[in-house]
């Protein structure tokens, strides 16, 4: 809490920013003097989006109109943009389609996985789901279980091993806990699920664009994710679905819309599923949002996800270091794991009056978010957050905590 | 085919345009000298969209970022925009939410309807579906039947009466046939389904914004529709779902995402459905596309859907009259019904070499579309199509048909 510690950490921040190979990327985003640590909720705006969407509206829609379905590549956008996301999550081309929300994609993935599991033998009637996951995954898993005659088995990720067995059809896991930022062990959990003869669906909302996922390398079966967090696609931008290449022929979608038909313009009464990732499409793609995402992905040109991960860990380490230096001991509890292999790209702090603290932080120009009942959540997006931001955020947090707190009478 | 007939029809077109109370609306769209008769596939761009979306991107997303979920009304956009569509389809507020694709909404509506039908008594295990409908409805209905243990009964709309009975759970019908433009009798069919103790889901893709639908007046149970045709929301803009107010408490969605939770930010593990139309939401709403639609709906300010219908019928009547006057008899067959009560807002012509003819029409500045194997489809959007456009389109069609045709050797 001394001035010395402030000066030393500020100097360290300046030095690290000057050595940061990703620092130039910040200029590709629309940012002000706010310290924006909520990119794990809504990524900042990449500058290129505005002009590209203006062209989509005025020229592609306004002038070419329906011709754009072919001439502007609208029709194939879901798989083309999927192929742009693929390298960020360690997938070869042809396995990802963009479209619908994460919830809808969880439904497709789970139902299709149950059907695949049953192809391989009867008796598989359990859907195991991460009980600590973002709630929508659990709600949708419950519906998928109900509609496929399965039983839902909610467990903490650490307990997955204990419930796997001959009845397990599919396991739905979040790669990182949205609240604590804990990163789960995707390779080991995937292998354990496979050993039990079941399939796994990973939700990558909180990791895609923040760290290497390695879908192909680790033999993941299916995966879903949103694109509005670390991929900066814009509010509610379309989600994506990954179906491993060798499973695609067996992917039997519960939402077989005309866009997943082998011959969509044949307008045939009988459904015949298209080959490949396209089978995961449903209805007409949402072009404005999809092409905003397409533009937003330009910021990844020349960026390696390994460099992003290295910077992410350095940022979160440094934040924890600054918080420890600036904040009185016991005022907050870091609930994000210290071990790198267990940490996503966020730091969560438990704090009794978290709702009030976050409101004041935002007023003081540091934007994170509050997750009920007592979590301050700070996301670190390596493409646009620097070390000086981190030091400043910790300093503002310390001052804010000094102003608030139960018993001070200031809160409210 | 004489010059006299051309002159007379042109004079009539000019007179009608001068008397058209909706003619000023055309200036609110981005149009060129093309005769755009494909608004039943993709509506033309309302001018206001460009500026509004630019603001959504640069200010709401770029500057306010996550604050916009509250401050810019993003979170409530699905129901707020639903309430703007409501008067166009004859619905009181609080019954429509916008989001997802038409296909996904068909799935929600059908599964929820089957569940409601079963609440009222066992033994209802048939989903009746319009066999002539746009194919995606049939594919999704097949999936809904499979996942609810129902049997799919595909019939032509004229044969619905004959298959209704104590086993009928729900009937899915298109208000207008996408190919022929035939308008089905929504009040009579709804009443017949209700007499059989079943529920009805109407697909309004080809009628919303083109003619009065009267959802509340006729006691429709559920309805879905897209917003990119006569509602001009942009390519793949979000669809909508109508659930009649008194059925909402029984609406049990197969896609219970976190946005349909009674307390979405409570992040509770147990699902508890929200009250009202919000129950039809699923995942995070697609804000850019949704707010483009919101802007596009401004063109309806001060417009009565009855005036739109009157002009639509006048336009389609006039097109048929011009085609009869200009095109050699037998060269095309009008397959859209002549009776007003059986006609949507399009005219479909059967023509052996329709694919080739449409390609040439487009080259000559008249844009309709081709539906395999032999249909020329022309949509008439009363807000921006005038009578002179109609006369010109018929004239270009006649000249084009003179240049093409099997046996002339010109086609190809």
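Each residue, glycine too, has its Cβ placed from N, Cα and C.
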May I ask you to find which of B:76, B:151, B:284 TrEMBL records for the pyridoxal 5'-phosphate site already listed with B:102, B:103, B:134, B:135, B:136, B:137, B:203, B:206, B:228, B:258?
B:284
Hey, which of our recorded positions B:102, B:136, B:203, B:229, B:284 end up with a Cβ under 8 Å from chain A?
B:102, B:136, B:284
Since the record lists B:134, B:228 as binding-site residues, which of them has the fewest other Cβ atoms within 10 Å of its Cβ?
B:134
With Cβ-Cβ distance below 8 Å and at least 6 positions apart along the chain, what are the contacts of residue B:136 (pyridoxal 5'-phosphate binding site)? List them in sequence order.
B:102, B:103, B:106
Take the Cβ of residue B:284 (pyridoxal 5'-phosphate binding site) and count every other Cβ within 10 Å, whichever protein chain it belongs to.
25
Work out the three-state DSSP category of residue B:102 (pyridoxal 5'-phosphate binding site).
helix
To the nearest Å, how far is the Cα of residue B:203 (pyridoxal 5'-phosphate binding site) from the Cα of residue B:229 (N6-(pyridoxal phosphate)lysine)?
13
According to DSSP, does residue B:203 (pyridoxal 5'-phosphate binding site) fall in a helix, a strand, or coil?
strand
Please state how far apart, in Å and to a whole number, the two most distant Cα atoms are among B:102, B:103, B:134, B:135, B:136, B:137, B:203, B:206, B:228, B:258, B:284, the recorded pyridoxal 5'-phosphate-binding residues.
31
Cβ atoms near residue B:102 (pyridoxal 5'-phosphate binding site) (within 10 Å, other residues, all chains):
28
